[in-house]
Amino acid sequence: MKFALLALAAVALASPVTLDERQIAIPENELRTGPCEPITFIFARASTEPGLLGISTGPGVCNGLKLARPFKVACQGVGPAYTADLASNFLPQGTTQVAIDEATDLFKLAASKCPDTQIVAGGYSQGTAVMHGAIRNLPDNVKNLIRGVVLFGDTRNKQDGGRIPNFPTDRTKIYCALGDLVCEGTLVITAAHFTYTVNVPGAVAFLLSKL
């Protein structure tokens, strides 16, 4: 069954996510406010998700990384300039330039504040557009620090040829569920768009394999 895009807010908050996956209390601003860690995870949440990491794939991947590498991971969500509002999905880049700039600044902050860190990143839904827009234009010295990127329900998948432009495909993992039409270049939201928590363990394993 297809849902109108404007129904995304209600459905997103009702999507099936367990309490453990939500990790509501998990830190999400550690790059800005905490010490440097060997691994820095930067994530852009889906439209309507609260906080900086959201309540689904973002905290799930963050928690998975922290469990695998205790006391070695800093998690950072994109925001508050990135508001994850619905209307921004209709813009030419699939999000706002303000959001892209904020993500760009976070990657640059990780590189300048923590030059020895290994960066991994991700995005879900509109957050994938944020990552496409930011990573493609990063200077090489920053881009080279990004070891892996995971994208869930990629709204730029078709437009950008199944990859992040100007970034190695072997460091990118795009998850597009069967029947998720946003991966086909539309903004038609189906139930498949809310199934990506099942891909969190695989995404964590992919990122760890790149470190």
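From the backbone N, Cα and C atoms, a Cβ is placed for every residue, glycine too.
Matching Swiss-Prot disulfide entries to the candidates CYS62, CYS75, CYS114 identifies the partner of CYS36 as CYS114. Within the group of disulfide-bonded residues (CYS75, CYS114, CYS176), the Cβ with the highest number of other Cβ atoms inside 10 Å belongs to CYS75.
Closest in space to GLN126 (site 'Transition state stabilizer'), of the recorded positions given as CYS36, SER47, CYS62, CYS75, CYS183, is SER47, taking the CA atom of each residue. Between the disulfide-bonded residues CYS36, CYS62, CYS183, the minimum number of other C-beta atoms within 10 Å of a residue's C-beta occurs at CYS36. Nearest Cα neighbour of ASP180 (active site) among the listed recorded positions (SER47, SER125, HIS193): HIS193. Within 10 Å of the Cα of CYS183 (disulfide bond), not one of the recorded positions from the list CYS36, SER47, CYS114 places its own Cα. Of all the recorded positions given, namely SER47, SER125, GLN126, the one with the smallest number of surrounding CB atoms inside 10 A is SER47.
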